Amino acid sequence: MLRQWSVQSGQALMEPEPEPGVEQLWEQEMERLWSSQALVRELPYAMVDKRFVRQLREPEGVKTSCWQRWRRRGQTARRRLADAAHRLAQGFGLWEGALYEIGGLFGTGIQSYFTFLRFLLLLNLLTLLLTASFVLLPLVWLRPPDTGPSLNLTLQCPGGLQSQTGVPRFHNQLWNVLTGRAFANTYLFYGAYRAGPESGSAYSIRLAYLLSPLACLLLCFCGILRRMVKGLPQRLFLGQDYKSPVSVKVFSSWDFCIRGQEAATIKKHEISNEFKVELEERRRFLLVQQETRTQRACHLLTYLRVNVLIGLLVVGAIGAIFWATKYSQDNKEESLFVLLQYLPPGIIALVNFLGPLLFVFLIQLENYPPNTEVNLALIWCVVLKLASLGMFSFSLGQTVLCIGQNKTSCASYGYNACDYQCWESAVGEELYKLSAFNFLLTVAFAFFVSLPRRLLVERFSGRFWAWLDREEFLVPKNVLDIVAGQTVTWMGLFYCPLLPLLHGVFIFLTFYIKKYTLMRNSKASPRRFRASSSTFFFQLVLLLGLLLAVMPLGYVVSSVHSSWDCGLFANYSAPWQVVPELVALRLPPPGQRILHYLGSHAFSFPFLMLLSLVLTVCVSQSQANARAIRGFRKQLVWQVQEKWHLVEDLSRLLPEPGSGGSVGPESPHSRASRPRSFCPGFPCPGSPGPRTPRPGACLEDPARPCGAPVPASRFRFPSSSEL
Amino acid sequence: MGGSGSRLSKELLAEYQDLTFLTKQEILLAHRRFCELLPPEHRSVEQSLQIRVSLEQILSLPELKANPFKERIGRVFSTSPARDSLSFEDFLDLLSVFSDTATPDIKSHYAFRIFGESQEQPGGTRPVLTQSWWRCAAREPGLLWSLGAHPDHILSGFLCLSLDFDDDGTLNREDLSHLVNCLTGQGEDTRLSASEMKQLIDNVSSQAGSESGREGLGLGLKLSLPQILEESDIDRDGTINLSEFQHVISRSPDFARYDGSSPPAFWFPLGPHLLHPSLGCRDGRRQPG
C-alpha cells in the first residue's frame, strides 16, 4: 500500500515535477523502518508493505552469509519451540473444542470457569505425579520390610478398647467404597505405608512422604501467585482512589469470541447494564462526597448493622458444623450410623446452600450501590465456605487429638488412642467422605434439580413457572464450590496421598456435567461477570484455601504424635523429627552446622531486617515514580499548549489562501459527497480543533475548503470552557 | 479440500509465518476457510491468492457475524481502493492481529483504527490527497514534527487519511459515542440516553467547585466524575490520540498476552468449520430476554 500510495499521489499531482517534501518524508519513514530493530510482523501495516520493508532490510539478490542463515534458522526454531511450549502449557490442548464452543455461545466470562477447571485438573495431576514418583514408585520397587506394631498398647479406655478395624456394620460393598472402608489398607491412606528404620544410605521413604506434600503445596502456591499477579488490574490514575476506569471498560469490554447473535444480544445487555451501573455509582459517589459528618456516621452504622447480622449468622453456621462433627464422631456405634457418617458433609452443604441466599436477601434490604452488593455477598460467601472447612478440621482435631481439651485418653499417647488406632487414616477417611459427598451432590443437583426444573418450566406455562424459570449458571458459586473441593484435597495430602487422583477424576467428570447443565438446562445470567478481574479474585480465594490447608498440616507435622500402630512415623514424636535424624545421619558435620545456623534465630532476625529494608526501598522507589509521572503529565499539557501557541503564530505568518495553490488545510475530502461537520485531516494543522464553534461554516458548503476565509485565527487551542 | 493442489507451498508458508503471528496450522486453516468462501471453480491455490472476496462474504463468517464492529474491521484491513473486498493476505493480516500471540502494541494500534473508523461508506473512490495539501505539508515539514506527531503516526496518519478516517486520527466525542452505541446496541432498553452518554464521555464535572480544580490541570480532582475523556485525555485537548489510547489500554490486563488464565480482549480463534455444528440450531433453547 505504501507503493500504491506513493504511486497514487504521484498520479494525483498536476505538476510534472515530484514534490520534494513527499519524497523526503517517505524516505525518512522508510529509513526509520529499515534500520529499526522491530520485527517485521510487529509493524502495523498491510502484508504487501511488510514484504516491502522486509525486502529493504534483506534484499533477495544479496547472498546471505552462513552466519546470518544459521542465525535466522535458530530464530525460527526458537520461535516454534516457544509456540509449542505455549500450547503445551495451556493444557495439552485438552478440551479445546469444548472451550471454543462455550466461549462462542456464552462469552469468555463463563468460559473462564471451565478454563479454571482445566487449571485445577493440571494442578492435581502434577501433585499426583510428584507423589507417585517420589513415594509410590520407590515404595513398590524397594519393598521395605513390613514391620508390625512395635509396642503393645496398654491403656485404660473409658469404654473398653474398641477396635476400630472391627467388622463394619454394613457389608455393602458400595457403602464401603463411599466411606473409604474398602480402601483402608491400600496406599490410598496413610496407614498402609511402612518402612524400615532409617539408615545412612538407603532411600528414605519417610523423608519423601513428609516432604512431597509440602513441596506440592509450595509449587501450587507459586503457580497460583504467578497467575494472580498476571491478572492484576493496574492502577490507572495515580493519585486518586482506584476505581475501575470507565475508559478501559469502553475500549476492551467487547468479547470478540462471541459467535452467536443471541450471545451478542446478551453481551450488549450486559455492557449497557454495566455502564448504567457505573453512572449510578458515580452519582452516588458524588452524593456521598457531599454528606455531612452526621450523615456519614449514620451510613456507617447501617453498614455495620447488616454486616454484624451476617457475621452472627456465620458464627451460628459454623457452630452447627462443630456440633455435627462432634456428634458424628461421638456416636459411632449408634443404629443410625449410616446417616451419621455423612452428617458433617451434609450440614456443611446445607449451610453453604442456605447461607448465600440469606446473605443476598439481607444485603438487598439495605440500599447499597450495586457493585457493593455483589462484592459484599461474594465476600461473605467466601468467608462462610472457608470458615466451615476450618471448623470441620478443627472439630476433627478436637475429637482425634484432644486439642483444647483435657481428656485422659489423650494424655498418654498424645492422641485419642482409645477410639482411633490409626488416627491419620481416620482423618483421611473423613476428608475422603467430604470430597466424595461434594461430587455426588454436584451430580445430584445436575440431574435431580436442574433437569426436572427445565422440563417442568418447558412443559407448563403460568406465572409461577415463568418466575421460576431455568436455572441461572452462576459462575461465582460454581467456582467457590470447586475451590472448596480443592482445599479439601490439599488438606488431605498428608493423610490420603492419592486424594489428588480422586479429585482429578471428579474434576474431569464435573467438567462434562457442568457443560451439559450449561448447554441444556441453564440460561445466561444477566449479571455481568468480567473474566479478568474475577480470575484474579478466584485465584485469590484459591490462595486463601491453600493457606487454610497449610495451617493444620504444619501443626500436625511439627507437633503431633503419629499413631503407634500404623504408618511411617510410628516411633517419632512428630513427623518432622525425621529431618533432624536424617541430617545427623547423612550430612557431614559442616553441612549440619550450616543447617543449624539457617534454622536458628541468629539467621532469621538479620534476614527479616534485610527483607524489610528491601521492601522500604521498593516502596519509596514507587512513590518517587508516581511523583515523576505526575510531573510528566503536567509537562505534557504545558507543551501541547505551547505548540498550539506556535501554530497560532504560524497561521498568522502563512500567506492567505488565494486563487493559486491554496496552502491552507483544504479538506482532502472536499470532493467527497458527504457533508462534513468539522475540519478534518490529520496531520493537517487545522486539527484537532474545536468542533462546536464552526459547524455552520463547514456544513453549508462542504466543497469549500474549511478554514479558508475565517478572519480570526484558524487554529485555536480548545479552551477549557468548550470542553 | 485436502488435495495436493490446494495446499500452499512451503516457501509461502514460511514467509507468512515470518510476516504474521500465526502458526503453520492456523495459516493452513485460514486458507481452507478462505477457499470455502470462493466460488467452486476458483479454488486453486494461485487463484485464491489473487481473488478478492467481497466484504459481505467475509462479514458473514461466524466469527465476525455477531460483532458490532464488523464493517469497521473489514474496512480497516481491506487494501482495495474502494475498501470493499479482502484478499487472502488481508484476511491473514486480520487473523494475525486477532491471534493470541500478537503483541499488545499492534492490537492497540488496530483497535484505535477500528474504533476511529467511520461508519459511512464513501461515495466514490479513495479520496485523493490534493497537491495543495502536499505543498502545505512539504513547505512546512517542521510544522508536522512540531505538533509532536511521531513519524510513525504521521505515516500512519497518511495511511489513515487514505483509509478514510472520518476525522483527524484521533477519537473525539462523536467517535466515542458511536463506539458506546455499538457496544450497547440499539434496543430500547439498552440504549443509553443522551444525557447518560454525555455524562459518560464528557469530562465536564457537575460540581462548580471543581472549576478551580481544573487549574490544577485536572489531577487529583476529588469531586469530578472520572469519565472517559477525563481519564484518558492526558494533554487535555478534547480528543484521544494514539499514544493516549495505547497508554490507557496498556493498563488493562485484558490486552496482555494470553497465558491461559483469562483470554485477552481483541482476540478470537478461528474455527475449523464454516458452520459450526452446534450453532446451527439451538436444540430447543428459548430465546433469552
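Quick reminder: no glycine exception, Cβ is built from N, Cα and C everywhere.
Residues or ranges marked as compositional bias 'Pro residues' in TrEMBL: A:682-693.
Remark: secondary structure over the domain 'TMC' (A:422-532) totals 85 helix, 4 strand, 22 coil, with classes taken from DSSP. Per TrEMBL, the feature domain 'TMC' maps to A:422-532.
Among the features that TrEMBL reports, region 'Disordered' is placed at A:681-723.
Summarising the annotation, TrEMBL assigns transmembrane segment to A:119-141 (among others).
Through the fold, the transmembrane segment (A:207-225) approaches residues 123, 126-127, 130-131, 134-135, 138, 193, 490, 493-494, 497, 539, 542-543, 546, 549-550, 553, 557, 568-569, 575-576, 578-579, 582 of its own chain, all at least 6 residues removed from its boundaries and within a Cβ separation under 8 Å. Summarising the annotation, TrEMBL assigns transmembrane segment to A:207-225 (among others).
The transmembrane segment annotation in TrEMBL covers A:303-323 (among others).
Positions annotated as transmembrane segment by TrEMBL: A:343-363 (among others).
According to TrEMBL, the feature transmembrane segment maps to A:492-513 (among others). Within its own chain, the transmembrane segment (A:492-513) has Cβ neighbours under 8 Å at 95, 98, 114, 117-118, 120-121, 124-125, 127-128, 131, 135-136, 187-190, 209, 212-213, 216-217, 424-425, 427-429, 431-432, 435-436, 438-439, 442-443, 446, 482, 485-486, 549, 553, 556-557, counting only residues six or more beyond its boundaries.
The transmembrane segment annotation in TrEMBL covers A:534-555 (among others).
What TrEMBL records for A:594-620 (among others) is transmembrane segment. Long-range contacts of the transmembrane segment (A:594-620) within its own chain (CB-CB distance under 8 A, at least 6 residues past either end) are made by residues 583, 587.
Same-chain neighbours of the transmembrane segment (A:303-323): 344, 347-348, 351, 355, 358-359, 362-363, 365-366, 376, 380, 383-384, 387-388, 390-392, 394-395, counting only residues six or more beyond its ends whose CB sits under 8 Å from a CB of the stretch. Same-chain residues lying 6+ beyond the ends of the transmembrane segment (A:534-555) with a Cβ under 8 Å from its Cβ atoms: 109, 112, 116, 213-214, 217, 220-221, 224-225, 227-228, 231-233, 378, 382, 386, 389-390, 393, 397, 475-476, 479-480, 483-484, 486-487, 490-491, 493-494. The average per-residue pLDDT of the prediction over the domain 'TMC' (A:422-532) is 86, rounded to a whole number.
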